[in-house]
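Annotation source TrEMBL lists transmembrane segment at 26-46, 52-73, 85-109, 115-131, 138-160, 186-201, 213-242, 254-274, 295-316, 336-360.
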Amino acid sequence: MTAATRALPFPRRSLRGWMQAADVRWAYVASLVALLPLFGQSFHYVKLLKPAWALSKAFPLLSLPLCLILFAGRRPEGSRQMVVTILWLVLVPTFISLFTFQQTFFIALASQLKLLPLLYIFSLLGLLRWLRPTLREIAAAFLICAVVTFVLLLAIWRLAPQSAYAEHYVAGDSPLLSADARGNRIRMPMYFGLIGILYAWRRFTARWQPRWFAAWGAGFAMVFGLVRMRTFVLGLTLMAAINGFLAAGPRLRLLMLALIPFALAALFSVPFMASIFSTDKAFAFDVRYISTMKAIGFLGTDPFRWIFGVGTISPIDPAGLMTYFNHFFFLGDITWMGIIFEYGIIGALLIAAVPLRGVLLMDSARRLHDTPFLAALRDYLVYSLLISEMLPMTLAPGEITSIMAIALYARELPAAGGRRR
């Protein structure tokens, strides 16, 4: 080793020494890193990776035996609410669609398979009770997944040729790489990446350390410049503003209030963000508007339809809802109106109550373990509610129920940081 090398201000600890000093069981962390992306539905819409996509679709049933572990302990808080919610949302629209769209029972039931990840609140909790990881180990697994997400995002951006970006694709399809009115986009599963960004912001507002602001800024910049999903950008901006305002002192709050108009002007001066208010066909406003009008027209003046919904047509049907509406009709595009169409007002209230229950559970867990990681998970639940008008919660319910499972598990850990005794 040269004198110049010895003078470098970097720690001389080996990687093995650093891993030992991290105070986590790396075998447990590795197990969680392997399984958490399945609970977080990271591969649920990545058809490019057929094996992972198929495993993600089947995982709610494959992981179901983990629920049996819960019978050996106390009943999780909120379990009755979740059981009622799952049974109602799966069975009631199924029976209603038998009469509305003349489907057989099992074909109609197939349309509700997207809700099976709601079961992750039980199966992930069962896994955690079995493994007994510390909160530090769970946080390490989440943050490793977040780092891997951003590394893959950068690698795809640097290595993918322009020809790999799809300019024309079937309506309703979401290719990993696409080029549209917003420019080149990478539809990377960002569940762990977003939680990592929220975590960095929590660490920043805790002590106002510049390095955590740099970490938040780097993550936000990659979402803004590479993913280009308006929902993500707007949701992260709102969460940063809310948490920054709550953590700031009186003078800084006044400064933040004064800067809000300029920040909004800067944000919406970017063309793809300004397109939120666009009525141009390039941004599918006409599809959403027509879908909304057709959904309202189909519900009509029948209070039964508004209260209980009309169900939907199974994706097994090749024509789907277009058979009835002669139009590319996608309930996910019209968010809460689509949820009311399918599940009714009762179903919409049940769906909204899931993340709300999650917030209460996480608040209870944070009274025992007030860590930035649990705060970031709570922020993701609030974020999901804030963006629910743009991105329906039925799209990936496993993201929410996985966080709820961690909140329930954290409540069972000893108050001293969630470490093993």
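Positions of Cβ are set from backbone N, Cα and C atoms, glycine also.
Bear in mind that TrEMBL entries carry predicted annotations, made automatically and left uncurated.
In this chain, the transmembrane segment (336-360) touches the transmembrane segment (295-316); three or more CB pairs sit within less than 8 A of each other, excluding pairs fewer than 6 residues apart. When Cβ-Cβ distances below 8 Å are used as the criterion, the transmembrane segment (138-160) is approached by residues 22, 24, 29, 32-33, 36-37, 40, 128, 176-177, 186, 188-190, 192-193, 195-197, 199, 218-219, 222, 226-227, 371, 373, 406 of the same chain, each at least six residues removed from its ends. Between the transmembrane segment (52-73) and the transmembrane segment (254-274) there are fewer than 3 Cβ pairs closer than 8 Å, counting only residues 6 or more apart in sequence, so the two stretches are not in contact. Packing against the transmembrane segment (336-360) from elsewhere in the chain are residues 78, 81-82, 84-85, 88-89, 92-93, 118, 291-292, 295-296, 298-299, 305-312, 330, 378, 381-382, 384-385, 388-389, 392-394, 397, 400-401, 403-404, 407: each is 6 or more residues past its ends and has a CB under 8 Å from a CB in it. Proximity of distant same-chain residues to the transmembrane segment (254-274), defined by a Cβ-Cβ separation under 8 Å and at least 6 residues beyond the stretch ends, is recorded for 181-183, 228, 230, 233-234, 237, 241, 244-245, 248.
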